[in-house]
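Reading through the structure tokens given below for one structure.
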Amino acid sequence: MASMEEDFPRGGTTKKPSESKRVVQRAEVDNLFQSDEKAETKKRKGATKDDSKKLKKQKTDKKQTDGLTLNAAAKCVEILHIKNVKEGTLMLGSVKDVTDFEVTVSLPCGLQGFLSIKNICDSYAKLLTEQLDSADTEEICSLPHIFHPGMVLRCAIAKLDTTKRGSLSIQLSVNPKLVNKSLASSSLKAGMVLTGFVESVEDHGCIVDIGINGSKAFLPKNAIKTKQNNPGELKAGQYVTSQIEEVKNDGRVVHLSVNPAAIAQACAEAKQGWNLTNLLPGLLVKATIKKVTKHGLLLDFLSSFSGQVDILHMEPGQTSSYTEGAQVQARVLYVEPSSRLVGLSLRSHLVHPGAVVETFPAGGDRIGEVIHECKMTAMHHMSGAMLELPDKTPAFVHINHLKESHGSANENRVFAKPVHTCRVLDFSPMDQIHFVSLRKSIIAKPFFRYHDLQAGQVVEGTVSVLLNHGMVVHLSDHIKGLVPRTHISDVVLKNPEKKYVEGMKIKCRVLSVDAENKKLYLTRKKALVESSLPLFLSYNDARPGRVSHGYIVCIKGFGCIVRFYNNVKGLVPIHELSSEPIINPEEVFYVGQVLKAKVLQCDPEKAKMVLSFKAALEGTIEDATNPQFDCEVGQRVEAKLLKKSVNGVEMAILPNDVRASLPMMHLSDHMSNCPLMWESLQEGDIISNLVCISKNKQNIILTKKPTVRWSLEEGLAAKDFSEITVGTQLFGWIKNIMSYGVFVEFPYGLVGLAPKSAMTDKFLSDTTAAFQLGQTVIAKVTNLDEEKRRFLVTLKISEVISPQGDNQTRLINGLQERKAVGEMLARTGNSELRQHLAALSVGEKLKLTVDTVKEGATFISDDLTGATIQATKHHIMGVNLTEGQKVTAVVLHVDILSACVHVSILPKLLMKKRSLTEESKHTAMVQFIDKDFAVVSLDNTAQLTVIQTSSNLNDVLLSESEKLKAGMTLAVEVLEPSCEQIQGLPLVSWERSAPKRQCTTSESLTGSNGHCFGELLKGKVRTVKPTCIQVTLEDGSTGSVHVSEVIEPAEVSLGSFPTSSVKVGSVVTARVIGGREASSHRFLPFSHPKFRYTISELTLIPSKLDKSVDFKPVTAKEKLSSYKVGEEITCFVSKFHPDRKCLEVTTDPSVTATVELLAMITDPKDASHPQKLYKLGQAVRAKVVNVTSNRIMLSLTGAHELEKGSTALGIVTNIQPQAGLLVKLPFGGKGTVSITDLADAYKPNPLDAYSKDQLLRCYLLGNENGKWQLSLRPSRLNPQQEKLVKDPEVLSVDKLKAGQIIRGYVKSVGEQGVFIRLSGSITGRAELQQSTKYFVNNHTVLSAHLPPNTLLTTKILSIDEEEEFINLSLLPVDTGKSDILPESLGLPLRLFGEEKKKHDTKKMKKRKLSEGEQKQAEPEVPKKKKKNKKARTDDSDSGVEVYFREEEEKEDEENPVPAKVTSSSAAPSRLQVAAGFSWDVGLSSLKPAAAALDRDSSDGEDQDVSTKPQKKSRHELEQEKKAAEKALVQRETELMDPSLRPEDAAAFERLLLASPNSSLLWLQYMAHHLQATQIEQARAVAERALKTISFREEQEKLNVWVALLNLENMYGTAESLKKVFERAVQFCEPMPVYQQLADIYAKSNKIKEAEGLYKTIVRRFRDNKAVWFSYGTFLLQQGQSDAASALLQRALKSLPSKESVDVIAKFAQLEFSYGDAEKGRSMFEKVLTSYPKRTDLWSIFIDLLVKHGSQKDVRALFDRVIHLSVSVKKIKFFFKRYLEYEKKHGTPQSIQAVKEKAMEFVEAKGTEAAK
């Protein structure tokens, strides 16, 4: 129970009013008149115990003692506060919630208590103990059987606990011994109502424990008058409220009865002997109202006792009926034992018989709800306030919740507010009212209770405590969750306490939440927290095909069980674990591992699911992984190009990167444009105007064909086979060409066949000659086969109808595509030539020089070097050309890819152009053919234009004669003299001279279909979109109503949606105001009555429908020119472009305006999702920012230009160390933020806090040359917040004064000194000698230590206001900071002054320094005036020098002679140590008090302390000098001692300067950091070491790598270890690194990893026997003897045969050491049998036996060895060893025996030699 409470604290809020942190101790009142709580008397309701106050005399009952006069009338009625609750107080409570071990009880005044199972009654506790001890599980009454929600019970406060967070928790008891404590057996009277528990059930009734000593209470069966409590149901431990029927033997035997109706009406009477000592809560009493106050009532009851009714317990609606002297019935609520304060209730749910206490309010559960617009109806001093919620429900605010927890309450100010926002904390059943809080901190909480959390939610919390089973994280005061141990990290952490510390803020994701039991489980696994895949919160979410991240909870032989959120789990069968076969899943996976799993099957009813890791890895379904963006067929999308392939491009649909493909043939309607467009596209390009045409599980197909796109948007596509009918006309493309016909594909994946006979009106022999693959065609359905779901189509021109204007639209689209290709090629090619070629257009004239003349001619041009410029013979006809001649030519065609320009120099094309008129007819001649397009010249006008070579989508040109050729003549009609969309060329319709051809231009079809400008029409609304309404007109054609043409402009209200006022299906009257082009949807106002369009643009505005009103068509240009900059206009949101982050709005059918991001938002928080601020079709007010010929720019922020002194949002475009931040501002503005304007307090590296594309609020200081000077200082942005500005702005030089200390940033360092930026426009300079106390002979030393933007403190020496020149000092003596150069550089100090020179000369003689050095150093130093004395002593000075200088200065003070003393000079250091260490370390103790100024950081700048030292006698000064000398000598000795281990970073740094290549030193430095658990610093030291140690010192470097590997193994992650290892292998000899890592794994007991690595090693370095030995050692150490034997066999195969003997011997040695000695022995025996003369092996064998064998074995071996047939010398060696062994281990006899054997050997050899 306790642990459960620890992990999952109760939420609940009624403990909240207890804001007092102290524990209220129960008052021990023995003497009733004695009070030890005087401090509380003023607050205590009704209990004025102070002697100074006269107590009202009470009429006392006979039994009442004097002491009970404590029951005095209250001064001010207040509710019961938790701080006034004492142990022993009796209360009436209502059960709120019951669990197995605890009951939550609602107490009066919003309090809440907890009743533990231990505090029920003695007999129940006994029953529990017996049941625990005995084996049989006899049923006893559990708490839910005894108590039920809403049950009213008497309870006593057993204990007041203080929770961890300092609030009080009330522990209750219903033990009759405590509740009826004050009743004695003698005081029991018939009619009393008592509570008790059934102790035992007897034959005729049951014995009831009423907790009164000496009294037995019996409840007969026949005295039970209730249905629920029939005797059969009464069990031991049951709670009963009963009435005394009769009392026998002075109360020793009491008979009870249970009759709820009678008990509810039973009124306590004085004759029953009730007094203040034994008064019980729950008694019904008759009372008289004594006094009515604003905050409650004072009552008299039971003759003369005083009681109070607080505001919560007066019956609402009856307050007016309460008058003094009135008689009321009241129920006792609580009795406070020490002050005898009695609280009563008049509420009907407690007083009326038969009334029940509702635990839930009538209006439903509202806990946690934030309610606005609440009115405060009354303020009750000392209690709180009553609120009325918007639905007229009353609510109560406790006085503590009128203010913040530590704030002070101003009740009057709170009451004066008209409306309040509150949060419902809890519902109090006893008071039947909601308790609410006005605290802003509570209202603002995202999570108030567990119900507010959902699984899958990402939340932020604070680490509370680390336990064995997980980590407790607090999301708020009352809500905490558990991160189970497996979820603390992606991998199991051995020491989570190293990663998580108490109070740390972390981000988690909710795994599951059980709001009822207040259990919350969280995860910290990064893969789950950051997963962007859909979450499986229920089995219904897990649709087959979807992929999500889950974590393994169980691994079995048959597969893995994976869990998601809310306990949704599924099985991954073993065959779905991986594409590789897996035998033992436990070896591959681990519990807690997060993996992507794909749903194969799911049955939500049975809660079963089958998953696959394999399928998720293969990623078969792209759309399943991104279900949040499901691309529908027909949807217009933008996509990013990922990869180009031979037959198309791979795309990612934005914004969710859904994969799709765009086949090459779908790039254009013109097949010749497709390869060109493919060529011009680059990876990363964003392509818009794409439409999805089909999708399946594998892929989404997109198209860019304008005709197909138009057909989908117009709804001219069939979505399914069922929608196709004979006669349906569809737009599709050629999918496949067969000998019998062509297959035509349509959107939604439908395919029809056009048989050979239905392909064209002409005779066709070869199907391949008619159409190209991918060609766009119009098809009409002719036959349907329902069964096989097949259909036939015809492509004959005579049978299909082309849309009106289709030819011109296609031509425009095709030419615009070509233009776009040219621009893209020019941009990506980056060559000047391509840019020049892209700029050329048909009809442009060029000045050229003739290069060659053959059949045709080639030319050259200065602008187009590298391009081929040519004219065919037809185009130079009649012109005599010579090489080098200058000519003018007209451009016919430009091919950018091959850099070829086709020109003509025909005079008729070069003459002055004549203007054309609409509808004029001309003869045209084809001048040039380029696949789908032809260039024609209009006769005698010198006008060129472009036409399409086919006049219909389905044109089939079989013979050459049918195709257009250069020189052919055509009849053309001008439709538009100059069409902007085709670069100003005339737009014409054409037909062949053959009359049979039919032309399908707009003009030829000016029949009945189409409408005239101004015509009034009726129609039915088909669809209503936010920005337009589609209307089906009476003649069946379609009309469109723009959002701005729905209601009168004057009536459009801001934020409204005009189109929503029109309902689908309604009939409307409209007027034609223009038309839309069929395929491009361009709006075209009718310019003359002959133009008719199928899609009419309509208006519904009533004023425009009046026939008498004449209105003219307004072109887009006229409309645009009517807008003025700064004008405010109404517009409608039409589209948001996420890629460009801009909003498109429309003001008129023909005008689209753009709003950039910065002109859209005023708060940087909205930048991530600005589209949420504006809904499609919404009316907004905007200001005109800029008007161009074809577009207007608007602003929605209310401003349209930048003004000085205002603030604006900006986006960082660049960060430059010198200039600062470059910022893009709204309305095309640009600005810079100087480094000194970033903050009010300068920081080092200030630009690091900013990044590109960051959004900032900027203050506009001023504008210079079109660039704004900006400031980010809070003092500028929020001037009302008067915060201290640490580094004020320097606006001008006259604001500065000499002697001022000021901070600034280094601008640059040069020979003239250090230039320091003091503000955006003011720079000061510190000369070199004013920059440092050290002598530097070159400014580069300074520039190395002072990179630009270093923050420095400077002192202004002088200001030349005319020149605006500021002279600065950086010397420590002026700034109070340390020197800008570190002492470790070992630079000599600057020397100054005559006296100083003499003094230093003496010093130097002492130090045996040559005079020459002094002279060299002197002339360099200019003499200086005396500086302020405040910083005489300086840290960086040598200790002794300080004292000498002080002495001089004292002399100066005595004789005021202007001596020249330096600020921080000193003689050259007395000991020139190469490493250059800090002298001041040991001298800190020697500094005089005057010198001990605080100078620890750049922030301590304000010390202008100038202290005068006390005068000292010469003797004292001498003593100090000696002490300083002595300290220095001691310090030097210490520093010279090589054995001394450094103790701090500085000491290590000094030693490393001396020995940079010592890996030992670096490793000690790392260890120093690791002792202080500074892991990152230790890593940094290792990285430094690797950079510092010379590349020749390979072993030293390897040592550091090994240390780093060890470090990562102990403190890093597997990932970081892997990275270090990969680097180490790269930089070092690989084999030692592998070996070392394997050793590290083995030592740290990572057996699995070590084994894996060894396998890799022996594979990779199989020729090296050392690796086999180390693997063998490892295996034997792990006890894997068999594996070692197998390894030996592998080693023998891998290594050369000559190595075999050594390898076997080595393995045998290893067997001796780590394995089976007997096995090792037999291995040696085998080898030596084969190679008996290998004395080295014999020698090893002897050593091993000496170590591991018995003496007997060793002697036997020695005897064998000395008889070997090897050289005498070797035998002699073995005898020697034998003798040594015997001397060590043997006896004199055995020694003698060896000597005899040696003699025998010598003799034998001698005889052999003699023979």
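The backbone N, Cα and C atoms fix where each Cβ goes, glycine too.
TrEMBL annotations: computationally assigned, not manually curated.
Listed in TrEMBL:
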type: COMPBIAS; residues: 16-40; note: compositional bias 'Basic and acidic residues'
type: COMPBIAS; residues: 1399-1408; note: compositional bias 'Basic residues'
type: COMPBIAS; residues: 1409-1422; note: compositional bias 'Basic and acidic residues'
type: COMPBIAS; residues: 1446-1455; note: compositional bias 'Acidic residues'
type: DOMAIN; residues: 88-173; note: domain 'S1 motif'
type: DOMAIN; residues: 191-259; note: domain 'S1 motif'
type: DOMAIN; residues: 282-347; note: domain 'S1 motif'
type: DOMAIN; residues: 456-525; note: domain 'S1 motif'
type: DOMAIN; residues: 545-614; note: domain 'S1 motif'
type: DOMAIN; residues: 727-796; note: domain 'S1 motif'
type: DOMAIN; residues: 1014-1089; note: domain 'S1 motif'
type: DOMAIN; residues: 1126-1197; note: domain 'S1 motif'
type: DOMAIN; residues: 1205-1273; note: domain 'S1 motif'
type: DOMAIN; residues: 1299-1371; note: domain 'S1 motif'
type: REGION; residues: 1-62; note: region 'Disordered'
type: REGION; residues: 1396-1467; note: region 'Disordered'
type: REGION; residues: 1492-1523; note: region 'Disordered'
type: REPEAT; residues: 1665-1698; note: repeat 'TPR'
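The domain 'S1 motif' (1014-1089) makes contact with the domain 'S1 motif' (1126-1197): 3 or more of their CB pairs lie within 8 A, with pairs spaced 6 or more apart in sequence.
Listed as Cβ neighbours of the repeat 'TPR' (1665-1698) (distance under 8 Å, sequence separation of 6 or more from its ends, same chain) are residues 1631, 1634-1635, 1638-1639, 1642, 1647, 1650-1651, 1654, 1657-1658, 1704, 1706-1707, 1710-1711, 1713-1716, 1719. When pLDDT is averaged over the domain 'S1 motif' (1299-1371), the result is 83. Per-stretch counts of Cβ pairs under 8 Å to the domain 'S1 motif' (282-347) identify 88-173 as the leading one among 88-173, 545-614, 1126-1197, 1205-1273. Mapped onto DSSP classes, the domain 'S1 motif' (456-525) shows 7 helix, 35 strand, 28 coil.
Residues in the domain 'S1 motif' (88-173) partition by DSSP class (helix H, G, I; strand E, B; coil) as 22 helix, 36 strand, 28 coil. DSSP labels the residues of the domain 'S1 motif' (1126-1197) in these numbers: 12 helix, 36 strand, 24 coil. Here the domain 'S1 motif' (1014-1089) has, by DSSP, the following mix of helix, strand and coil residues: 10 helix, 32 strand, 34 coil. Residues of the repeat 'TPR' (1665-1698) grouped by DSSP class, helix first, strand second and coil last, total 29 helix, 0 strand, 5 coil. Break the domain 'S1 motif' (1299-1371) down by DSSP state and the numbers are 10 helix, 35 strand, 28 coil. Broken down with DSSP, the domain 'S1 motif' (282-347) shows 6 helix, 37 strand, 23 coil.
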